[in-house]
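Colleague: Quick one: structure below, then a few questions.
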């Protein structure tokens, strides 16, 4: 949940149709706000800046800066170093030019290359301007046996007309990164380098943002963590300076020569191959990446050039190389986290949670976790329950009941902490007192406390650079858990957000607790009237009423505004202006001011580092502190954290949700590309606020979205205060649709869990783009409307209203690939390179199983605990040559270091299916049945370990070519995988 100012100011990509709202009365914490001091709206208004890319007066650094000349080149077995000296008079265009730089080219491993350019001279006073601490973001290390000859890369360089370099793939001679024809600009507040790209390039990543899967040419990509309700094509919560570049080649001639091709010109009959590589810039400063015709322009507000290249040559290999060497492998999630999660802003007391739980049970909808938004807090304060509505005594009773039923509860924890009113002796807050005693809060440049504003009023911020901050945070988590046995942490608002510019609480603490500088949803002037696109067609009367209400509210809120003149900052040699840097990135907040809705760039950490240099790391460091704090709550239990603000490497501690989206078809559409982005970034535990957060949802959108999200790793429904309720049991059709999709999700939970184990141990992905799984088909390069779960399950959702069919592609069908419909279990009749029209009436989501796959499955239950107690089954989908394979991983589902594990390999060929297990985890549930798809002839007999099975247990459908073998429990009474077995037909 984000600052509502961003929601109120936002506009949507698609046309909005309004409808009537059913208001929920805000919680007592919200209604009490009417008697509070309200922070003025003007407090969150910053300077009016013009983004450089939109500024007609902006100077093009490439045209005025001299670049550098390389000299004093020294070679070693692992690369070379050189001195780079300014090649002319300083341009000082957006800062002060650095005269002397040091270049280091290090061939770190066969598949990895690092190029670093840093100032030759710096000291403790300015090191953080350029050097990102390895304690914050580790640098990849060279392998012991790394050398130039064994590398997949070659680096060449030239001084004509100024220093430039190329990174070349040895295998193909393709130039992957090429700064020729451009100038390196390196200043204390501005770095720019340019690389050439092929025509119609295929780039993915560079987030966080909501956009198409494949990045668009002419896109302006800003990286700077921001608290903002999900806009399109703007920077939002996270910072991931990593991209995947895929290039397709036509293979032809006797020597199989490779010619690069555009994906739009691919022909189904032609043979292609692809090569992918990855590029990561280890830099935490604000950034802007401009994609232009056949080039990429990379600009930063400081730091250094610290580029790592990954040779791939497939997407899967690039992602593994990035994670294994650089950012770390994803956290292994608890098994239960793969169940369904229900949340909303507006559950006002424990009784409402009781009602929600009862309704899920009444309608027999699986439910694993209930989530609490800021409603549970005493005055919106972290680690402190409202004792009237969420008392610890009642909470203990409710959580005991919840836990006994195999379910769990997760509360939200925000990035800021309330600071008590010094003139009110009863305004006590022990968390603040303990933090103040250890002096662990961020300061102003003069050493005074930096005091911003968030939900509770005026607030302070943990300083993650302080040596005692993480222990302080861990102690608060432990102390709170001893009062209330929560089951994870939802870490929010850590971009880090503030509802005012500067240290606005300084001198104003007597006003605390203060109301935010905007109306909360449901308060006068902010009634939620918004509905999804198309609502006016299906609900005309209600839509007309809501439209009138929205118009009246808008008219009442209208006022005459004046625009402040644009502020332009002129660089002063030797001096940094961190509040208004001379180069203005296209930051999403009003006026592009870095101080708006965030703590100021000049706020200062205990080690002297200014927020300007590490802003986008705040959430990442808070996740780290939360992860290790939870390990003190539960010593050997995997911490469960879902966080909003992330950085490269956050996935080793937490999952992520897509933030404050909208109840719009557009938000649902972009949720797929959001999820696939985070697959690349090494954060596979990803989901979105299903049915939408901001605004009111409707039955059709929620029906489709509950089905789509059933195939995302993190599956949660969540919406905003005072919007209509949207739990899946609110509409009969949504109940049916939800249960239909959950029947599939819960059946394949063992497959999901196995995928997470593989991600955790190898760096593989859970959700996959078609182009990544089928790398030799250029026509798939931009497909972002369907996706794969692992290698075996493909989902083709409906993403628009009022339709009952959907268009989808079936990769590989022209090269022997077979796809089976999940529901009919028959092979799909599809042609290569063209869309297939698929029936998809409301309540049905098309799902397909890839030939060659074996899926281990269990039965559906209302909790994952109970689902894990059910018999096993296997779904074997034969390839065109009659083979299939799969695997299964099991453990206790929660231990950081499980003592007992089990791995099972499945292999089918020549009418034989084998299961081979290894490990010490005891799985007592028997095998109930095996279903084999694509069996072209009725078998004369079926045997298990040589024993002929009775004809009653064997069924064959000659039309669908499905073989079903049941009644296997008695043959596997000791457990489905207690011993190896062979099934023949």
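Yeah, the Cβs are placed from backbone N, Cα and C, and that goes for glycine too.
Straight from Swiss-Prot, here's the annotation block:
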| type | residues | note |
| --- | --- | --- |
| ACT_SITE | 492 | active site, nucleophile |
| ACT_SITE | 495 | active site |
| ACT_SITE | 660 | active site, proton donor |
| CARBOHYD | 126 | N-linked glycosylation site |
| CARBOHYD | 220 | N-linked glycosylation site |
| CARBOHYD | 255 | N-linked glycosylation site |
| CARBOHYD | 349 | N-linked glycosylation site |
| CARBOHYD | 508 | N-linked glycosylation site |
| CARBOHYD | 536 | N-linked glycosylation site |
| CARBOHYD | 539 | N-linked glycosylation site |
| CARBOHYD | 624 | N-linked glycosylation site |
| CARBOHYD | 661 | N-linked glycosylation site |
| CARBOHYD | 881 | N-linked glycosylation site |
| CARBOHYD | 929 | N-linked glycosylation site |
| CARBOHYD | 957 | N-linked glycosylation site |
| SIGNAL | 1-25 | signal peptide |
Colleague: Would you mind checking how many other C-beta atoms are within 10 angstroms of the C-beta on residue 661 (N-linked glycosylation site)?
Modeller: 26
Colleague: Would you kindly give the Cα-Cα distance separating residue 495 (active site) and residue 508 (N-linked glycosylation site), rounded to the nearest Å?
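Modeller: Checking the Cα atoms of residue 508 (N-linked glycosylation site) and residue 495 (active site) gives a distance of 24 Å.
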Colleague: When the Cα of residue 539 (N-linked glycosylation site) is compared with the Cα of each of the active-site residues 492, 495, 660, which one is closest?
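Modeller: So, of the listed active-site residues, the one sitting closest to residue 539 (N-linked glycosylation site) is 660.
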Colleague: Relative to the Cα of residue 492 (active site, nucleophile), which of the recorded positions 536, 660, 957 has the closest Cα?
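Modeller: Ranked by Cα distance from residue 492 (active site, nucleophile), first place goes to 660.
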Colleague: Mind giving me a neighbour count for the residue listed as 'active site, proton donor'? Other Cβ atoms within 10 Å of its Cβ, every protein chain shown.
Modeller: 27
Colleague: Do you know offhand how many angstrom separate residue 349 (N-linked glycosylation site) and residue 220 (N-linked glycosylation site) by C-alpha?
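Modeller: If we compare the Cα positions of residue 349 (N-linked glycosylation site) and residue 220 (N-linked glycosylation site), the gap is 44 Å.
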Colleague: Non-local Cβ contacts of residue 929 (N-linked glycosylation site) (under 8 Å, 6 or more apart, same chain)?
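Modeller: Residues satisfying the criterion: 873, 874, 964, 965, 966, 967, 968.
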Colleague: Return the single residue from the glycosylation sites list (349, 539, 957) that has the minimum number of other CB atoms within 10 Å.
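Modeller: Among the glycosylation sites 349, 539, 957, the lowest count of other Cβ atoms within 10 Å belongs to 957.
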Colleague: I'd like the number of other C-beta atoms within 10 A of the C-beta of residue 881 (N-linked glycosylation site), please.
Modeller: 11
Colleague: Could you tally the C-beta atoms, other than its own, that fall within 10 angstroms of the C-beta of residue 492 (active site, nucleophile)?
Modeller: 26
Colleague: Indicate whether residue 508 (N-linked glycosylation site) is helix, strand or coil by DSSP.
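Modeller: Reduced to three states, the DSSP call for residue 508 (N-linked glycosylation site) is coil.
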Colleague: When you rank 536, 660, 661, 881 by Cα distance to residue 126 (N-linked glycosylation site), which of the recorded positions ends up on top as the closest?
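Modeller: For residue 126 (N-linked glycosylation site), the spatially nearest of the recorded positions is 660.
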